[in-house]
Amino acid sequence: MLSLKTLLCTLLTVSSVIANPVPARDPSSIQFVHEENKKRYYDYDNGALGEPIRGVNIGGWLVLEPYITPSLFEAFRTNDNNDDGIPVDEYHYCQYLGNDLAKSRLQSHWSTFYQEQDFANIASQGFNLVRIPIGYWAFATLDNDPYVTGLQESYLDQAIGWARNNSLKVWVDLHGAAGSQNGFDNSGLRDSYEFLEDSNLAVTTKALNYILKKYSAEEYLDTVIGIELINEPLGPVLDMDKMKNDYLLPAYEYLRNTIESNQIIIMHDAFQQFNYWDDFMTETDGYWGVTIDHHHYQVFDSSQLESSMDEHIQVACQWGTGVLDEAHWTVCGEFAAALTDCTKWVNSVGFGARYDGSWVNGDETSTYIGSCANNDDITSWSDQRKENTRRYVEAQLDAFEMRGGWIIWCYKTESSLEWDVQRLMYNGLFPQPLTDRQYPNQCNTTSS
């Protein structure tokens, strides 16, 4: 999940290929199948699964996000008037505590925030996949990194086992790069954009290659059906040519030519417009098993927050139609039920909310749209707000199922309502079963 989407407007265009890619193999349990002008689907068991990806993100677990687990960060609070002294990300969390204390607190968090029962619940609720974010620092670090390292991998392995036990599939998502790929707090290091600096790129590539080699091995392919090369690279501020040529293409070559794996790779769209990636790593150029991951929110810009409900629905449906003619198989790997940015720290520590006019980020401010009071208390929600939230969720599900499916952000939080699938389901704001529709055909589609 991100917080600075108003920056995202620039487009770059480039096309390049590597020599002699490994040819596509026959369809198997890790190949995508498609027919012209039809939705692509995942072939889990040497036959069509018959449904799109319907997944949840395991957010705030192996990569900290203050709004998901605020108690970890509230421990640093020194006054009630502002967030001064509270670390803004995992980098500073570990730096402030020192390695030993950070390790103790993080191990406690990793051991308790998710349990196998959560994965059993996810499966029983009809989901078929979990996307698990993890940072580069779990596998490799820079010399001066304060991160706790080397321990997250065992928790990831445990989670993959939980998924297997409950017939869930997994995307392993490299969520944070050395130097940060986007400057968001969820990259591990806020306000930095140095991912493509040579030493940072080398460490990130080392971590990625480890992930690719391990989780593309035969023992994992029954469960791990995709590896995301990097989450949300901020294309408008990065050198896209360098990212493609020095990171994405080498990753593909390493996967196909060095370790000779037919694992699926996931590429985030880098906040580029639909069809931007249509001439990069395409089937016609000999590439295969490449998926584009789009992320969609409507709460990180004041104009979006001011939209009418019909406008929100229209935009959501356009997210679905926008990918119908994209060259790659596509999934919406992040979206949410949220229609406000009221959840504390969802915009990052210290920034406030645009919705109630408390947003301050340098010279940027916002004007009042509505109150954020009691935002996480469902008893304070009007019937209209509940209806709007359910409408918005259903429209997004229908839109994303026009192609490969969806993975909602995220399964649970400590206290948020708008960002917590468990709470949304409990309060009837997220469909159960997942195909149930109180507001059918909002995108002129039919419910399955």
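Note that Cβ sites are derived from N, Cα and C of the backbone, with glycine treated the same way.
Per Swiss-Prot, active site, proton donor is recorded for E232, and the stated evidence type is similarity to another entry. Secondary structure at E232 (active site, proton donor), taken from DSSP and collapsed to helix, strand or coil, is coil.
The annotation active site, nucleophile is assigned in Swiss-Prot to E334 on the grounds of similarity to another entry.
Its Cβ taken as reference, C317 (disulfide bond) is surrounded by 19 other Cβ atoms within 10 Å in the chains shown. Secondary structure at C317 (disulfide bond), taken from DSSP and collapsed to helix, strand or coil, is helix. Per Swiss-Prot, disulfide bond is recorded for C317-C443 (among others).
What Swiss-Prot records for C342-C372 (among others) is disulfide bond, and it gives similarity to another entry as the kind of evidence. The Cβ of C342 (disulfide bond) has 26 other Cβ atoms within 10 Å, all protein chains considered.
Under the heading signal peptide, Swiss-Prot lists 1-19.
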E334 (active site, nucleophile) CB neighbourhood, other CB atoms within 10 A: 25
Cα-to-Cα gap, E334 (active site, nucleophile) vs C342 (disulfide bond), nearest whole Å: 19
Disulfide-bonded residues (C372, C443), the one with most neighbouring Cβ atoms at 10 Å: C443
Nearest-integer angstrom distance between the alpha carbons (Cα) of C443 (disulfide bond) and E232 (active site, proton donor): 27
C-beta crowding around E232 (active site, proton donor), within 10 angstroms: 26
